[in-house]
Amino acid sequence: MYMKKLTEAETGYTFDDFLLLPQASYVEPRDVETVGRVSRNIELKIPVISSAMDTVTEYEMAIAMAQEGGMGVIHRNMSIRDQVEQVKKVKRSGDITIRDVITISPDSTLREAHEIMDQEEISGLPVVEDGVLIGIISRRDIEPIFNSEADRKVDQVMTRDVVTVDESITPSEALDIAYENKVERLPVVKDGRIVGILTMKDILERKRYPHASRDSEGYLRVAAATGPFDLERARALDEAGADVLAIDSAHGHNMNLVKSAGAMKKEVDADLIVGNIATREAAEDLIAQDVDGLKVGIGPGSMCTTRIIAGVGVPQLTAIAEVADVAAEYGVPVIADGGIRYSGDIAKAVAVGADCVMLGNLLAGTYEAPGDVVVMNGRKYKQYRGMGSLGAMTGGIGAGTDRYFQEPRGHMKHTKVVPEGVEGVVPYRGTVSEVLFQLIGGLRASMGYCGAADLNEMKERAKLVRITSSGIKESHPHDLLITNESPNYPTLK
């Protein structure tokens, strides 16, 4: 009985155990389509989401990820109120129409208008009487005469013939109208009443990111993590506009969690992804609860110690393939979470069934990540920690404790927590945009080698060859001293 456990144990594989085979191909990397799915109902222009870790994703990261075509998952190691506000910040940032318009009445003075502009850090004010837009006044109208005529009424100076637009206007149309009329702002009106305002700055910002992940109303997409049993948080995040909720747990096949996921799915409108898991049985049980996505990875992360402390896990490439074999039958996307070190690993994950990948380490060193910058030996680093680390389990609101099913009891101090992660630093890597450019560029190159025009073809066409430890050594640069570090192959790991 016990000996069979050893002799019949399967072999598990991870990224360094395989390479993708080059194939005859007419596909050019620049022409491939990198659209991936994160959930049943949501596609992303690039198959990358950022990890729900407190040193990786808050609203700045989520905005940057969505602008580049991916999506950020805001961590939950904060109060419900704070996390809701983070979601709202992402949603507001993607709206080219300023909804909370600050207005002024026509009988106000230029002094009052100037004070409002200074206080709110804006350059103009719509002039409204009885709710109806009658003009607009800007700093350029006020400043030439402010010193001598500060007590003049706004309606004596304002521009009366205001160029307005309706709510259905597109960014390109708004830009054309603004250029044609040489104006910096366009009031949005409905039945004569102002309902918003477009500025040139916001319109141009939208055009900078043509591949951004947006919902049906044009807002940036955002995901947010919730505890497996925190229905109050899930409802609040759903109400705030989160597109995806991610049940965040180290053991997604805990049957209490599985039942809770089914109940939560019925309570929210957002798509629900659940993890983490690593077996086909876990996939079957969660799919039976009608979840919208499966997050795969038990212990592959660079800061995770679960496989050592608990002795539990599945090498990541095997885990992805196991889950994908089941998920593909039901059209449920698979998110490969953890173990990604290079762009080639993303390609390998897709080749064995992943629809997108979740990144922590590779994004923790970016400008947009919330971790603090530290300087060691003249080089910049950013702090990075696992959500199972001592700091994450005892800091913030201690979200790591229920993630690892270690709820505080009585007066339990942090010394009584059993961490399954570590804390450290990663090299500073610049902006999210720069990192994603290299990662997606590497994925495109891989698809070209494999003759895959899109990710579905990559799953179907890709073939792998198993390699030895000597093959791994041969794959990396060797027999030289690297003097100039490549942006997609860091020498300091």
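Positions of Cβ are set from backbone N, Cα and C atoms, glycine also.
In sequence order, Gly338, Gly386, Gly388, Glu420, Gly421 are the residues of the chain that are 6 or more apart from Cys304 (active site, thioimidate intermediate) and have a CB within less than 8 Å of its CB. Secondary structure at Cys304 (active site, thioimidate intermediate), taken from DSSP and collapsed to helix, strand or coil, is strand. Under the heading active site, thioimidate intermediate, TrEMBL lists Cys304.
The annotation active site, proton acceptor is assigned in TrEMBL to Arg403.
Annotation source TrEMBL lists NAD(+) binding site at Asp248, Ser249, Ala250, Gly297, Ile298, Gly299. DSSP classifies Asp248 (NAD(+) binding site) as strand under the three-state reduction. A simple way to gauge crowding: the CB of Asp248 (NAD(+) binding site) has 29 other CB atoms within 10 angstroms, across all the protein chains here.
Positions annotated as K(+) binding site by TrEMBL: Gly299, Gly301, Cys304, Glu474, Ser475, His476.
Marked as IMP binding site by TrEMBL: Ser302, Asp337, Gly338, Gly339, Gly360, Asn361, Tyr384, Arg385, Gly386, Met387, Gly388, Glu420. Counting only same-chain residues at least 6 apart in sequence, those with a Cβ under 8 Å from the Cβ of Tyr384 (IMP binding site) are Met53, Thr55, Val56, Met303, Gly360, Asn361, Ala364, Gly365, Gly371, Glu423, Gly424, Val425, Val426.
Annotation source TrEMBL lists domain 'CBS' at 97-152 (among others).
The domain 'CBS' feature in TrEMBL is assigned to 158-213 (among others). Within the domain 'CBS' (158-213), the DSSP-based counts of helix, strand and coil residues read 20 helix, 15 strand, 21 coil.
Distance between Cα atoms for Ser302 (IMP binding site) and Ser249 (NAD(+) binding site): 17 Å, as a whole number. Taken residue by residue with DSSP, Ser475 (K(+) binding site) is part of a helix.
Per-residue pLDDT, averaged over the domain 'CBS' (158-213), rounds to 85. Across the range of the domain 'CBS' (97-152), the DSSP-based residue counts are 19 helix, 17 strand, 20 coil. For the pair Ala250 (NAD(+) binding site) and Ser475 (K(+) binding site), the Cα-Cα distance reads 32 Å.
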